[in-house]
Each structure stands twice: as structure tokens, then as C-alpha cells.
């Protein structure tokens, strides 16, 4: 007698049950366990505990096509509509199958009819193009909410207090009054001719070469730039209140860093140049061959990274103050006082950044990282230069001379002048040599006698002056002219973001 086929053979869903083994019960049991395990994670909060699918009675995972269903019935309904499969479904038992989580894969037609009966909407099933468009819209909404959240968080961040505004005004005025060419540096700059600094001609003892013509050009502008850094520091009350010994140590430590920062914020990506002292635009190789060595690479890379920040004069000024009041300089006497001063500038800096409301995500921590890069690039960029004179800086000795890296005081200056045979004519920050008439000394002597080297006094003392007194630019016509050009208004409380990026300069 012919056996009546069981309901299990009625058209099953090949996508859900394609790997059935001959032992149907065992396979279904494993499938149920797998589904239960995979769906045991996130459950929407609007569902009751252990709420069941309205189609098959399995554990529901949310609203799908207007009904509370499980993942299996959601997928079955979506595939059926997208591929237009329901006209091909059939039932061997007159559409009388009972659909539950055990039998749901045994009859596609009855399962689909139950989906329709409980209210699942066919019009909510999207084709591939509509589904892609919907996902894109979802991503756009998420991005919009993220930006709105960022704006709300910016509005809630603290802005400068009245006391901090006073600190900000002083630092900004100190920077602008010692900032050559001000915000007009692009209009007033002159490009160093391409033939200068491109062909190193003087060999150094360490094997590197220096272009004397480029070195001569840098000498003319870097020496006044050092004086401007000193003048900037002296205009900060917190700095002026420190002992002279600490002032000297801080200036020796930060001079190169501040000058590098002032040059970096005047990086021009169009010409790939840095503008030194607000007047001379130089290329990377020109700066390198002029005596700065590998440090020039660090300054150019810093300029490229800072160009995206669009810093204004106040932000450059506060960043310089943070670099100046650094407690990691060895030999400081008033470490606690300097640390408190730096914290005050850091807090004012952070609040001013909040006030400007930059559109760059995480602007403040990123800017602090750049501040550390200024220091680390100067301290460690040249570490790979094996045993180069000038230590880990990677700066040639004559480059250190120009940048005021090693400042010696009055009696030492006169002693070195006598060693060079030019007593009384060489002043200011000079390189402290280990022995008379070293190769580096002979090069300095050659440069000085050629009229190339002319250093200003930045920090010195003699028998007739107060010990450790710092020279001022009050009588320097060049610096006075620079100060007269600083006509931009200081930021008000709250100030208007003046926005011309790259406000700093040597």
C-alpha cells in the first residue's frame, strides 16, 4: 500500500534548510540551537521578556515589516518578496499546515500566508537599490546627530574667565609686538633665490656641508629673531617675576622651539616654503644647507601639520607661553612657580580654544600633541645623526651659534673673543667650545672675519651691568618698527576670532 507522504516533505525553504541531513529531527534541533544561540544577544527594550514571534512562536527579536517576529521569519518574508517566490509556493495538504518553530521550514506557502495574515507588509520590503539608499540615509542621519552632539558639547565647554582674558590679552600683545611683519607676511615676504642654499660648498668636520651664502642670509634675520623671542618672554609678567637664573635657563631651552613654531605657522603649502622672520621664504634644502641640518625637516613637517589648524595670533602666543614655561629644563630654581604658570597658560589656552569653536574633532588634544612635537622634534630629530657636533639636535655648531642654543655670559664671551683674535667685536649668544681653535672655532673665525657673522647680545653680563640682565629691544629700530606694525586689535572678552591662520612668525 502506498504510504501517504508526511508533511515534512512539503516544499521546504532551501535557504533555511539547505543542509538537512537524513535525520531531519536531529538537524532541526541543531538548527534551533544555533538560531537560539545567535539571537541570544541584543533584544530591543520595547519587547517583553521572552516575547514570541507572531508567525512561528520562536523568540522574537523586534518589529519587522510591521509585526513582531523572529529573525527567521523576517528573512523568509524578505526573500520571498524580493525574489517574487510566493507564486511558486504550493502545499500538498490544502493549505492547512500548522506553522510553529518546528514546522515553519516544511511548508513555504502556509508560512507565507501566515505572515500575511498576522499583518506583515509586503510594501515595506525594499529592493536592493532602495535598501542601499535607506542605509545611506541612516548613515547621514548618524553623521548629523554626531555633529549636533559635538556642537552641544562645544557649547557646554568652559570659556575663559575674566582673569584668564587678562592673561590672554597680555600674551597676545607680547606676541604681536614682537612679531615681524604681523599678519602681512605673505605680502611682504621675499623668496630666497633658488641658486642660494642648493649647492653646499664648505665641508664640515662631521662630513656634512654648509652653503656659506645661505648661512650669511640666515645670519642677518635669525639674530634679530632671537632678540624678539627674548622680548616676548620679558613682556610676560609671570616670566619677569622669576629669578634671572631661571629666566636664562628657560630662554636657552625654548628659544629654538619658539623660533621653530613661529616659522612653522608661516608654512605655505603652495610654494612649500617657510617664511623666516616674516620676510624671507626658504625651501627645505636651503634651510638644511644653511646650517640647520635635519632639524629643518622637523620644522617643515610641523608646518605642514599645523596648516590644518588655522591658528590665530592668540593661539600662537599662548602656545609660545606654554613652551616657555616648561619645567623639564634642568637647573631650574623655582620649579613649582614655573609649573603653576604653565598650568595657568594651559588652562587659558584650553578655554580660548573652546571659545573659538574649531570644527576639527578633538582639536584641543591634537593641538597639545603638536605642542609636544615642537619640543620633541628639536630634542630628538637629530638623534640619528651619529655623533654629530651639536648633540642630539642635529644642528651644525654654527647653526647653534645663530639660534642661540648655548648662551654664555659676559666673561666667557670675552674669553672666547680673545681665542678668536677678535676681542670686543663678537657679542651675544655664542657657542661654548671645548678647546681653543677647534675646527668649529676656525670656521666661526673665518665667517666673522668675512663679515658674515654678526650676533646680537641676547643674554649677557659684564662688570658694569647687573648680573644676568637681559637686553631689551626698546632701542632697536628694527624691533620697534615691527612693534609699530602690530596694529591688529587684541581679542575682546569674548573676542572675535580674527582667523587669519599662521599669525605667528620669527
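Think of each number as a place in line: the chain as shown, counted from 1.
Every residue gets a Cβ built from N, Cα and C, even glycine.
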Zinc finger range according to Swiss-Prot, out of 91-115, 116-140: 91-115
Mapped DSSP class for residue 70 (Zn(2+) 1 binding site), helix or strand or coil: coil
Sparsest-packed of the listed binding-site residues (56, 70) - C-beta count within 10 angstroms: 56
Which of 53, 73, all binding-site residues, has a Cβ with the fewest other Cβ atoms inside 10 Å: 53
Length of the line joining the Cα atoms of residue 53 (Zn(2+) 1 binding site) and residue 228 (3,3',5-triiodo-L-thyronine binding site), in Å: 77
Residue 56 (Zn(2+) 1 binding site): secondary structure state under DSSP, collapsed to three categories: coil
